[in-house]
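So the structure is just underneath, and the comments pick up after that.
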Amino acid sequence: MWAVLSLLCAGAWLLGPPACGASNLAVSSFEKLHFKSWMVQHQKKYSLEEYHHRLQVFVSNWRKINAHNAGNHTFKLGLNQFSDMSFDEIRHKYLWSEPQNCSATKGNYLRGTGPYPPSMDWRKKGNFVSPVKNQGSCGSCWTFSTTGALESAVAIATGKMLSLAEQQLVDCAQNFNNHGCQGGLPSQAFEYIRYNKGIMGEDTYPYKGQDDHCKFQPDKAIAFVKDVANITMNDEEAMVEAVALYNPVSFAFEVTNDFLMYRKGIYSSTSCHKTPDKVNHAVLAVGYGEENGIPYWIVKNSWGPQWGMNGYFLIERGKNMCGLAACASYPIPLV
């Protein structure tokens, strides 16, 4: 029986209490110039009062980024679309409020004994990984992890790449213990698609990034799930086998203070937990490899292609980093 998971789907850049911690910073003219350049890049406009607040938050973030990058780490941070946001705002807009019970995700995956290829990247095998999407300010990462895995599964089985409807999962999957923008689990979403007899395409059920009434039309379903492979909790080697031999794998992990501004490199953290009750963001492992003796996962995120490494990140493999092996699964498509 798995513990209760309290999931979020956006990440958390810990600024301390930003409203007070960042409000008294002495800002240089260079920092102001850099902020204005960032505003242009990200098409940001503020009132005069809000400008001063955003400037303080931005400078606080930027200084933390520079301090991190000056240290000896396996990954770098960088400015991105979240750089003018405080932790409280991120928590309000992105973090899930509904706890998720992983007891429904009991392991049924039987792994072999290997050996497995030293590296794998489904993106390089053909058109088997759909483009990076953007969940916006809705805790719907679980829907993007779900559709990404099923899009890959269908493409691997048929050679046809689909774009599936995350909004259908947001609106319609509540009976499988999912809660729209407040949270959910890919394993439960796969079960919903399986018993619901399909999921529609993005073109017929477009993404809104907010909770709405279910508008599923069975005759317009274009992808179906035959079964769900749920990997035994904390069996990271089974995740390697699944990604190597079968399909990209959906998983959840705990985002902590230094992840939101990730730019490149192999992410690792000493502040996150390895327990299933702390994971808070769902993503998709599309491959794995090793660099300078450090094994890593190649992971597709849902924060748009401008975030991280063109929408992807690397995270250390083999240590259950941030609980990433706690809740892993992938769909077996009905084709």
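The backbone N, Cα and C atoms fix where each Cβ goes, glycine too.
Look at Swiss-Prot and you will find C141 (among others) tagged as active site.
Residues or ranges marked as active site by Swiss-Prot: H281 (among others).
Look at Swiss-Prot and you will find N301 (among others) tagged as active site. The number of other Cβ atoms within 10 Å of the Cβ belonging to N301 (active site), over all protein chains shown, comes to 27. When secondary structure is read from DSSP and collapsed to three states, N301 (active site) falls in the coil class.
What Swiss-Prot lists as disulfide bond is C102-C327 (among others). Classification of C327 (disulfide bond) by DSSP places it in coil, neither helical nor stranded. Counted within 10 Å of its Cβ, the other Cβ atoms near C327 (disulfide bond) come to 26, all protein chains included.
Look at Swiss-Prot and you will find C138-C181 (among others) tagged as disulfide bond. In three-state terms derived from DSSP, C138 (disulfide bond) belongs to neither a helical nor a strand segment and is classed as coil.
Residues annotated as disulfide bond in Swiss-Prot: C172-C214 (among others). Counting only same-chain residues six or more apart in sequence, the Cβ atoms lying under 8 angstroms from the Cβ of C172 (disulfide bond) belong to Y192, N196, C214, F216.
The feature disulfide bond is assigned by Swiss-Prot to C272-C322 (among others). In this structure, C272 (disulfide bond) belongs to neither helix nor strand by DSSP; it is coil. Within 10 Å of the C-beta atom of C272 (disulfide bond) sit 21 other C-beta atoms, taking all shown protein chains into account.
The number of other CB atoms found within 10 A of the CB of N72 (N-linked glycosylation site), across every protein chain shown, is 4. Annotated N-linked glycosylation site per Swiss-Prot: N72 (among others), in sequence order, evidence recorded as sequence analysis.
If you look up Swiss-Prot, you'll see N101 (among others) marked as N-linked glycosylation site.
Under the heading N-linked glycosylation site, Swiss-Prot lists N230 (among others), citing sequence analysis as support. A 10 Å cutoff on Cβ-Cβ distances gives N230 (N-linked glycosylation site) a total of 21 other Cβ atoms nearby, all chains included.
According to Swiss-Prot, the feature signal peptide maps to 1-22.
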Rounded distance in angstrom between the Cα atoms of C141 (active site) and C322 (disulfide bond): 17
Pairwise Cα distance for N230 (N-linked glycosylation site)/N72 (N-linked glycosylation site) [Å, integer]: 37
Least surrounded among the recorded positions, given as C141, C322, when other CB atoms within 10 Å are counted: C322
Residue among the recorded positions C138, C214, H281 whose Cβ has the most other Cβ atoms within 10 Å: H281
